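> Attaching a single structure in C-alpha cells format; questions to follow.
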Amino acid sequence: MEHIASIFNKKKLKLTPQRLAVYNYLINTTAHPSADTIYTDIHVQYPTMSLATVYKALKTLVEVGLIQELNVGEGNFRYDGNPTPHLHLQCLTCGKVDDFNNFSLDNLNSLAQEHTDYEIVSNKVYFYGYCKNCQ
Ligand SMILES: [Zn+2]
Ligand SMILES: [Zn+2]
C-alpha cells in the first residue's frame with residue numbers, strides 16, 4: 001500500500017480509489033485481463049465503478065508507465081501490471097495470454113536494423129500457439 005502510494009506520488013498521479021483498485025488488481029494477476037474482465041471482477045468490490053471509469057484509470061496508468069497495454073489482435077486491449085518489456089504468448093483455443101519467461105528478443109531491433117535504411121526504434125512481437133491444457 002505504501003509502495004503504491006509512493007509510486008503514484010512519484011508519477012504525480014492522484015491516488016483515487018478507482019485508480020488504486022485497478023492498479024492493485026493488475027499487479028496481483030498474471031492473466032493479462034481485458035478492461036471488461038477487470039471491470040467485472042472489480043465491480044463486486046466497487047459496485048459504483050463504471051466501465052468508463054475502469055477505461056479512464058487504465059489509460060492514465062498506461063500513460064504514466066505503471067502498466068502496459070497489449071494488443072494481441074483481438075480488437076480490444078489486454079493489460080499487464082508489469083510495465084517492463086517482456087514477450088507474450090497467446091493460446092489460439094482458450095485465448096489466455098501468458099508471459100514468455102526465460103526467452104527474450106532484446107537484440108531484435110538491431111538484427112532488423114541490418115536489413116533496412118529505416119532507423120528502427122521499436123517492435124511488437126506476440127507468439128501464438130496451443131497451451132498445455134488445450135493441446
Ligand atoms: Zn489454451
Ligand atoms: Zn506480461
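Yeah, the Cβs are placed from backbone N, Cα and C, and that goes for glycine too.
What TrEMBL says about a protein is an automatic prediction, not a curated fact.
Copied straight from TrEMBL:
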- Cys91, Cys94, Cys131, Cys134: Zn(2+) binding site (BINDING)
> Can you see whether DSSP assigns Cys94 (Zn(2+) binding site) to helix, strand or coil?
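For Cys94 (Zn(2+) binding site) - judged by DSSP and reduced to three states - the answer is coil.
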> With Cβ-Cβ distance below 8 Å and at least 6 positions apart along the chain, what are the contacts of Cys131 (Zn(2+) binding site)? List them in sequence order.
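Leu89, Cys91, Thr93, Cys94, Lys96, Asp98 - these are the non-local Cβ neighbours of Cys131 (Zn(2+) binding site), listed in sequence order.
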> Under a criterion of Cβ-Cβ distance under 8 Å and sequence separation of at least 6, what residues of the same chain contact Cys134 (Zn(2+) binding site)?
Cys91, Leu92, Thr93, Cys94
> What is the set of residues, excluding Cys91, Cys94, Cys131, Cys134, whose C-beta falls within 8 angstroms of the centroid of the C-beta atoms at the Zn(2+) site?
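Counting only non-site residues, the set is Leu92, Thr93, Gly95, Lys96, Tyr130, Lys132, Asn133, Gln135.
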> Let me check the 10 A CB neighbour count of Cys94 (Zn(2+) binding site). How many other CB atoms are there?
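10, counting other Cβ atoms within 10 Å of Cys94 (Zn(2+) binding site).
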